[in-house]
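Everything on this sheet refers to the single structure shown next.
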Amino acid sequence: MQLTQLLALALSLATSEAAYKGFNYGDKKPDGSSKYQADFASEFETAQNLVGAPGFTSARLYTMIQAGTANDPISAIPAAIAQNTSLLLGLWASGNNMNNELTALKAAISQYGEDLSKLVVGISVGSEDLYRNSVLGQKVNAGVGVDPHVLASYIEEVRSTISGTPLSGAPLGHVDTWNDWVNGSNAAVIDAVDWVGFDGYPYFQNTMANSIDDAKALFNEAVAKTKSAAGNKEVWITETGWPVSGKTENLAVASIPNAKRFWDEVGCPLFDNTNTWWYTLQDAFGASVPNPSFGIVGSTLTTQPLFDLSCSKSNTTSSSAIASPTSTAAAAGGVAGGSTGSASGSSTGTGSSSGSGSNSNTGAASGAVGAADRETSGTSGSANTNGTSGSGSGSNSTSGHGSNVTVPTRPTSVSNVSPSKSSSALFTGAATSMGASPSSVGNVGPSKSSGAASPSSTTMFTGAATSVSAPVVHVVLLALMMVIAA
């Protein structure tokens, strides 16, 4: 075998082993004020340099719109380009705001072109819209959602919009709570996407035994059911986390020790194997502290986290429901951006698990829905606020990005821009983060779902891998040894 062939093989395997890891970022600060480029840059730089956790070089956004404007591109984009942070872009699909989101998307492509395309992992069309559209979401006044067939049409509209542009190969997806993915009435969305975004928070599954002792099993079961419903579509972990402070949800106690344990038992097995965006880096600022608060750095933006983020080899291989290394983003173009991740645990975690979770649950029974209620984002400069969705059971989140939309809050209020979670709901879904304060309710926040969009032939889409697992190194070394032996 020729050297070039061996290296190509090694590179392809390395690409398939790469996984993106990062945090969710809303368009507003915890106090409700708008974020600008310098704010995003500070957050991205902090995430990349967290003590004990190198490689968090990806950012999930909920909207394409800069807070305080009608449809200007969000300033997180130039910040990401400057910081070499990969992006899971999001368009807020609820509240009749898609036209403005598409305008902002087109403007971003025109303005940033290849610099943007090299960093885009995927594009999420909507965030927890199905949850807010569900019987359960309506019961808790989670905010305006979107019918699955309308959402599927939005996904195709985005696919058409990026065709022939530098983002033409970006995989498209949708982010929602796991119980809505297993609801058969939402199958049209699964058919339309390239990947499925999973939001899940055992903390909010307050109709079940949901202590920290139960968290890992609840999470793995939810992932397994989502994977079963998704069929051959990849499942990306777009929101999960455990609060460092706040009220108790049934048996779930918010505390730093419990947040650390959830990170170890759920996060570490994911980080080098599955595209994962944690909730969250920071959701508190000074006196503005949401209840519950999920931020791992507390109320001051610092590289020193509230608990040890290092992952031991043992806890990087402990989760049985973790998906195998992602290939959707790699297929779309791979390892372009900054592969900075550490190769800490190879971990397999195939996560087969059955959990077919037939298609009928709307989520009330299992308490897995409602992430949308925990986050809130204040209003953003313009007339409306966008809300992000959240999937956990908690109901207190809303965030708004400030265009002309209103944002609902989780089981209670869902906002879209920044991930602050206030909980008052009884489900377990995934929280979304868009706005800053956990109190505003709106229905427009941007969400992220990305899929492996059919590679449209005009441009090359390159993603930015953030971590490469140990097997890749072995493959490369083996290839070199074979060359030497030959």
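Heads up, the Cβ atoms here are built off N, Cα and C, so glycines get one too.
Among the candidates ASN404, ASN416, the residue that Swiss-Prot annotates as N-linked glycosylation site is ASN404. Note on proximity: of the recorded positions ASN84, GLU128, ASN183, GLU239, the one nearest ASN315 (N-linked glycosylation site) is GLU239, by Cα distance. ASN183 (N-linked glycosylation site) and GLU239 (active site, nucleophile) have their C-alpha atoms 19 Å apart, to the nearest angstrom. Cα-Cα distance from ASN84 (N-linked glycosylation site) to GLU239 (active site, nucleophile): 22 Å (rounded to the nearest whole number).
Cα-Cα distance from GLU128 (active site, proton donor) to GLU239 (active site, nucleophile): 11 Å (rounded to the nearest whole number). Here the glycosylation sites are ASN84, ASN183, ASN315, and the one whose Cβ sees the fewest other Cβ atoms within 10 Å is ASN84. Between the candidate active-site residues, GLU128, GLU239, the densest Cβ environment within 10 Å is the one around GLU128. Classification of ASN183 (N-linked glycosylation site) by DSSP places it in coil, neither helical nor stranded.
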